[in-house]
Structure formats: C-alpha cells, structure tokens
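If you look up Swiss-Prot, you'll see R23, E88, R127, K461 marked as (6S)-5-formyl-5,6,7,8-tetrahydrofolate binding site, on the strength of sequence analysis. Residues or ranges marked as domain 'TrmE-type G' in Swiss-Prot: 223-383. Annotated GTP binding site per Swiss-Prot: 233-238, 252-258, 277-280, in sequence order, evidence recorded as sequence analysis. If you look up Swiss-Prot, you'll see N233, T252, I254, T257 marked as K(+) binding site, on the strength of sequence analysis.
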Amino acid sequence: MKEFDTITAVATPVGEGGISIIRISGDKSLDIVSSIFKGKNDRSLDDIKPYSMRYGFIIEKESKEIIDEVLVSYMKGPRSFTAEDTLEINCHGGVIPTKKILKELIKSGARLAEPGEFTKRAFLNGRIDLSQAEAVIDIIRSKTDLSMKSALKQAEGTLSKEINSIRNRMIKIIAHIEATVDYPEDDLEEITGQKIKVDLKEIINKIDNLISASEEGKILREGLNTVIVGKPNVGKSSLLNALINENKAIVTEIPGTTRDVIEEYINIDGIPIKIVDTAGIRETEDVVEKIGVEKSKEKIDEADLVIFMLDLSRKIDEEDIEIMDFIKNKKYIVLLNKLDLNKDLNEENHFIKELDSKYIIKTSVKNNSGLNELKECIKNLFFSGEIKSDELIVTNARHQEALIRSRESCIQAIETLSDEISIDLASIDIRNAWKYLGEITGDTLDENIIDKIFSEFCLGK
C-alpha cells in the first residue's frame, strides 16, 4: 500500500438534510478525529473497535465549545474503501455544522481532498482497478435500474475478469513466441504461425462480443439522445408532456410557442432516454424564433434518434420535405400525429407513400394513442427489443476505444503471420493489443489520464 497524507471531505450533498457525513482517510485519521472528539462521560476514541460506531460530540479545539452531536464510525485499513484507516463523522445535516467540523479537521492536520481522491486511493492501493473505479461514478449517475445494474456488475469486477482473462491468454502467446525464438535448441513445444492465428481469432471473437454491446452500453450510461422535430404546432410539446407525464412544455394553438430547447429524461423499461423538444422548423422573420430553429438543427446533428412529427390533418408541404431531407442520414421514426382529426383514409395512405421510412407510427398524442407503439419501436431500433440485466455490457467510451485498438493490433498480427514474416514480429502487435486492454483496468495507462478520470468525480467520493 502507498503512503499518502490524510484527506477529508464532505461525502453528502451540500444543503439541509437529516444528516451530513464527513469522511477522513489516511494514517493519521484516527488521531485527528480523536483530537476533536468528546464522548459520553468523557470517553475518547482511543479504544474504539474497528467497524463500530461511537456517540459523542465534536468540539472546537481552542474554545472547547461543542460544535455538534455526532456518531463516528471507524474502518481499519486495509479493510476499508480506500484500504486506509477511514472514519466517517455523521453530524446533523446543514451547512454550518458541516463546515465547522470540516474546518476543525483541516486545522487538526487533514487536507481537503480533491474530487475523486478517495476512489483514486482505492485504485492506487490496489483495492479496485480502474474500470471498477469508473463504475462508482456510473452508479452515482445512473438514471434507471438497468443502467445501475450494469454499473454494479462493472464495480463487482465482471469486466475486469473478462479483460484479464483475454490478457492472460495474450501473454501466454507472447511468452511462447519469445521462448521459441530465444531458445530454439531447447525441447519446447513448437508454436507455428497457424496455431497463433487460431488463438488470435478466438481472442478477436471475445473482443467482438464486448464491442458489439458497447453502443448499447453508451446509451445506458449517457441516455439515448432523442430529438423531437417537425413544423410548428404538429404536437411536439404535447408529445414531450405525454412521455414525461408532466406539463413541462407550453402547449397552445399558436404556432412557434416553443422557442428554446427543452430536455427531460424518461425511462423506457430500464433504458434512459433524453427527450429533447425543439422549436418548430420553418422559415420565419422572427429573430428569437430563428435562433430557436438553428438550435433545433444543432440538436438534430447531435441526436442518436430523431422523432419526426407530421400533422395528419394537413397535407405534406415543402417545409416537411426539407425537414425530411435534413434528417435522412439519422436514425428516425416518423410520427403521424392528430389521427383523431383525420377522417380521410385515402389522404392517410398518400401520407405514408410520400414518406421514405420503415418506421411510421400513427398517433393521437391528445388521446395517448400510439405512445406504447412508439416506445416499443425505440427499444427495437436500438436494443433488439430488450436488454437482459445479467449481460456484461461495456458502457464506457474509453473502454470501447481500447477494445477497438486491441482488436486492430490482433488483426495486424494475423496479417504479419499470413505474410510468413518471422513470428517474433507478430509478438510486437500482440503486445500492443495486450497493452491496450490494460488501459481498461489501469495497468498500462498514463498517469495524466488517470488524474483526468478521477478529476471528473465529485468531492467526498
């Protein structure tokens, strides 16, 4: 275990609440807390047992005045989150008592922790690897049960085990190649280029299985960025309100009511969906509305999915066709809204013929008709209908990139072997593939990148 100074930070959100928790970790953590703690009947923390709590008060050192009534818990390293001696002070929730206790801890020798420093210490002390550390922040930011379960599996080390299994297989190939090249006179089992290629193809299949689910994983982690577009007054804001079951967007009969972008998260069977309601796209002389239209177009560029809404009670016109042309390179669903106002089936069929889309849904948002069909369509477009909660899903873009680079190096090694170049040259590519996978667990990652990853964490974590 590495030696560090003693750090402290508030582990709960700032503001009023039932309790606040101040965390302190490091070799001197027990001594520091003991110096400002006064137990019932003047009992100190000198004899506190690990993994127990003690009731008492935190006092101001100089004045000896009581700051707050507290419960102190003690976790002895290495059996703690950071693998160091760690204490947590539970005080009354509120800004003043929390700040005063934190100030006393710092005055007594602790240093204010940097964002993510507690988790970083757990990583540096070998209690967790980097993929498990990143899973901690994914758990905190989870928006659905499914995204949380996926993050929990990663935190438990499921991804790490799979990555380490592949890396161990790679290192065995490298070791065998190097032994064959360096000690040709020894009685070693001969390793041929053909045998290495077979092993590498099996490794690539394993990597492919992880990569194939990574797009789904990105959505679980960040949410499916879904943008509702269409001309003014086709029902975009009504759709947003219906999906979130709340009157978030203003709905009127006046075209152009929505002039800015409205964003909300919804949960479709565990899949987090970021729904973006945009200003109606049309030619306008209104300066403010023009800005809204430009923002709408920017949001379309960023979208994973576009829901293109049309009004069934009106004929398709040039503006509709322009929007259709603008979104043609995106994944999109066409929503034919206001079914309740359309009585002409021939006109409805004409609409469908005009549209170049496999995914056309007829709705009446006003009557909540067609919304379940829309949700099923979204699931089928991105997740083939469902995601099983027990599946290992790569949710991190950094991990996805490392897997892709590792795969490319394996393919390069196969090409080298196919050209019948000396097998020891192929070992360079295999070692690169091994190194890229090590970036996922943090075994072969640059220290600056590690610092950047932990800087994205919140204070106290």
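In case you wondered, yes, glycine gets a Cβ from its N, Cα and C as well.
Taking each Cβ in turn and tallying the other Cβ atoms within 10 Å, the top scorer among the binding-site residues K236, K461 is K236. In the three-state DSSP reading, E88 ((6S)-5-formyl-5,6,7,8-tetrahydrofolate binding site) counts as strand.
With all protein chains in the displayed structure included, the most crowded Cβ environment within 10 Å among the binding-site residues R23, E88, R127, N233 is that of R23. Mean model confidence of the domain 'TrmE-type G' (223-383) amounts to 77 (pLDDT, 0 to 100 scale).
Ranking the binding-site residues R23, E88, K461 by the distance of their Cα atoms from the Cα of K236 (GTP binding site) places K461 first. For the (6S)-5-formyl-5,6,7,8-tetrahydrofolate site, whose annotated binding residues are R23, E88, R127, K461, the maximal Cα to Cα separation is 19 Å. According to its DSSP assignment, R23 ((6S)-5-formyl-5,6,7,8-tetrahydrofolate binding site) is in a strand.
Cα of K461 ((6S)-5-formyl-5,6,7,8-tetrahydrofolate binding site) to Cα of N233 (GTP binding site): a span of 46 Å. Counting only the Cα atoms, the space from R23 ((6S)-5-formyl-5,6,7,8-tetrahydrofolate binding site) to N233 (GTP binding site) is about 53 angstrom.
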